[in-house]
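According to Swiss-Prot, the features are:
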BINDING   K15, S175, D176  ATP binding site
BINDING   S56, D143, N155  substrate binding site
DOMAIN    281-358  domain 'PUA'
Amino acid sequence: MASPKLHDFRHIVVKVGSSLLIDSAAGEVRAGWLAALAADIAELHRGGRDVMVVSSGSIALGRSRLKLPRGPLKLEESQAAAAVGQIELARTWSEVLGAHGIGAGQILVTFQDTEERRRYLNARSTIAKLLEWRAVPVINENDTVATTEIRYGDNDRLAARVATMASADLLILLSDIDGLYTAPPGNDPDATLIPVVEAITAEIEGMAGAAGSELSRGGMRTKIEAAKIATSAGTHMLIASGKIDHPLRAIAEGGKCTWFLTPANPVTARKRWIAGTLEPKGTLTIDAGAVSALRAGKSLLPAGVIRVDGQFSRGDAVIVRGPDTHEIGRGLVAYDAEDAEKIKGHSSPDVMMILGITGRAEMIHRDDLVVGTAPT
């Protein structure tokens with residue numbers, strides 16, 4: 001199968017690892033390289049694409065600033081180093097993107113932010129708003145609070161979760177190697193690059209090597225795990241070398257890389273997850289006007305809700321029924337049951353007055369809603 005083209009994609013997550021971003025000898029950001037990458041991001045941005053960055057580097061920068069000795073760090077040492085390094089990392093991204101007139105928005109996430117539906121919706125909404133404002137979200141694991149037991153452990157899998165959460169259609173993992181080889185190329189001179197992976201088989205998994213360097217917690221195995229997460233959610237993924245200047249331009253020009261393809265798309269995969277995987281915790285009954293709006297692809301507004309049943313929390317799946325009690329669809333609700341009961345039947349501007357906070361305009365956003373076919 002022919003490889004896709006970079007410019008075929010509109011919503012792109014780029015993962016940048018510590019070993020690329022930080023000069024390990026000097027303990028400093030590789031400023032020239034990062035400026036070249038920022039220029040690549042700006043080019044995609046000018047083309048109307050949404051670009052998100054998952055950036056490692058906070059611990060590496062922090063240990064350099066604090067002049068910590070080489071070798072493994074204890075958990076509390078890593079957390080403290082991240083606290084120092086994160087400030088500089090955020091400033092660095094703000095400066096290099098700002099040079100192209102692009103705002104950068106820092107988002108620090110923990111494992112629970114992508115695994116718990118309420119927090120998942122919060123993070124997803126923040127990313128969506130930054131993209132709407134044409135800013136570039138710069139995302140990293142919040143290493144200052146993450147624990148050994150509850151963490152991603154590497155930014156490859158974090159990037160895959162972010163791509164899934166943001167419904168990205170492409171995840172790019174920039175690495176110190178230009179793709180997946182049939183064997184570790186450093187050990188086997190006959191190893192060949194695999195340009196396209198259509199399915200992640202046991203054979204493909206067996207080709208992955210072991211872990212990375214002192215700066216990087218990731219290796220090829222974690223990249224294969226990331227590919228599983230991404231492709232199952234309808235996101236294509238590629239691994240390419242980030243050691244060169246302008247790595248995204250090189251990909252666009254047909255440079256070496258490995259594509260992991262998926263037959264699905266992010267919206268289809270996400271809606272299949274909502275419709276078929278999540279257990280509904282309640283029911284919203286809506287009026288005929290709201291039924292028509294949903295079938296036309298609109299979001300469900302509080303004004304269209306006439307009844308609330310069940311005990312559910314924000315982010316839970318609920319069933320949506322029409323006035324005749326027939327199921328219209330399912331979705332992730334933006335309010336808990338108590339608040340939904342208070343604002344049902346009211347227009348969106350009334351929500352703030354009723355709840356005393358600035359709530360969301362939608363009871364269920366259309367991206368979080370699966371509507372069945374209309375009865376014939």
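Note: Cβ is positioned from N, Cα and C throughout, glycine not excepted.
Because the structure is a prediction, the values reported are computed rather than measured.
Shown here: features listed in Swiss-Prot, placed on the structure.
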{"residue": "K15", "record": "ATP binding site", "Cβ contacts under 8 Å, 6 or more apart": "V53, V54, S55, N155, D156, A159, L171, I172, L173, L174"}
{"residue": "D143", "record": "substrate binding site", "Cβ contacts under 8 Å, 6 or more apart": "S58, I59, S78, Q79, A82, Q86"}
{"residue": "S175", "record": "ATP binding site", "Cβ contacts under 8 Å, 6 or more apart": "G17, L20, K223, I239, A240, S241, G242"}
N155 (substrate binding site) CB neighbourhood, other CB atoms within 10 A: 26
DSSP-derived helix, strand and coil totals, residue by residue, for the domain 'PUA' (281-358): 24 helix, 23 strand, 31 coil
Among S56, D176 [binding-site residues], residue with fewest other Cβ within 10 Å: D176
Helix, strand or coil at D176 (ATP binding site) [DSSP, three-state]: coil
DSSP three-state assignment for K15 (ATP binding site): strand
Distance, D176 (ATP binding site) to S56 (substrate binding site) (CA atoms, angstrom): 14
Conformational class of S56 (substrate binding site) under the three-state DSSP mapping: coil
Span of the ATP site, taken as the largest CA to CA distance across K15, S175, D176 (Å, rounded to a whole number): 12
Structural state of D143 (substrate binding site), classified by DSSP into three states: coil
